Amino acid sequence: MSIMTDVYTNPDKHVVLHNNVKMPILGLGTSHDGGYSHEAVIYALKDCGYRHIDTAKRYGCETFIAEDIKSSGVPREEIFLTTKCWPTDYGSRTKEAFTGSCQRLDVDYLDLYLLHWPEVKSSERNKKETLLSTWRTLEMLLDEGRVRAIGVSNFLERHLEIILEECSIVPHVNQCEFHPYNNPKILRQFCSERKIQFEGYCPLGNGQIVGEPTVIEMSQRHSKSPAQILLRWNLQNKVICIPKSTKQHRVRENSEIFDFELSESDLEILDDMPQNLKIMDPSTIQQKVDNPLPDGYKLKIVKHPAQS
């Protein structure tokens, strides 16, 4: 069975969005924070079977991902490609921003396009209308066949309600921080009731959870790494996860999570961990929107040791 067939036919390896689009449940996250490795992305696609890449205009690496996809030899149609619209492009600039992302990624369509944050520029007179007009643009792009699914990122219930009040198309995905120390159960239930697929970033809590004694005990019992335990917890909660790494051995390790299962008691323990770690601070976003720095301003290219 080919990798593509396995990813898109094995029910354990994908979710079905409410418009019947299949989305791989495991993806490779990318960002400007923590570095970017061409070798790791190519390795993920070519050697580890990843078929889902998540990025954003803000990260400044869309052009690099286009190069990586070509270098991997994996056909474009086999890859589920997600990128995001930064709030400074909300409103009249959204369609232009979408086109720019497609050009940098060297594709003529996207699989998923997300609104990166619910904030808009403080100078906008009617912030609600700006958000709604932006969502209408995404609906139009979907209708035109330029994107297969549309959604949001970092939206809480109150933000989703703004969209839901007037939208023609309910968001297909809501991507938020998700790990055992930040498990927004009420938000997840809110999304589930409206058939909005929940997607999680920072599944390892930026590495701050892998040393948790409970996780280590589970890893020893299952003969898996702590990271694999945390990612498996994502999968069994039916949450799409997009771990990122610039190290090839970590990229492979993160992909080897489909050959074991956590018990119900394991899941319950991880479900009920103390909620005391948040990697992303939403309170900083408004300042970043109002005083923008260039996309990819923190981007650091991490090279393989042999190339350093």
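Heads up, the Cβ atoms here are built off N, Cα and C, so glycines get one too.
These numbers come from a predicted model, not from an experiment.
Features reported for this protein in TrEMBL:
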- Y59: active site, proton donor (ACT_SITE)
- H116: substrate binding site (BINDING)
- 36-272: domain 'NADP-dependent oxidoreductase' (DOMAIN)
- K84: site 'Lowers pKa of active site Tyr' (SITE)
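Rounded to a whole number, the distance between the Cα atoms of the residue listed as 'substrate binding site' and K84 (site 'Lowers pKa of active site Tyr') is 5 Å. The two recorded residues, the residue listed as 'active site, proton donor' and H116 (substrate binding site), show a Cα separation of 11 Å. Looking only at the domain 'NADP-dependent oxidoreductase' (36-272), the predicted model's pLDDT averages out at 98. Long-range Cβ contacts of H116 (substrate binding site) within its own chain (separation 6+, distance under 8 Å): A56, K57, R58, K84, C85, W86, P87, S153, N154.
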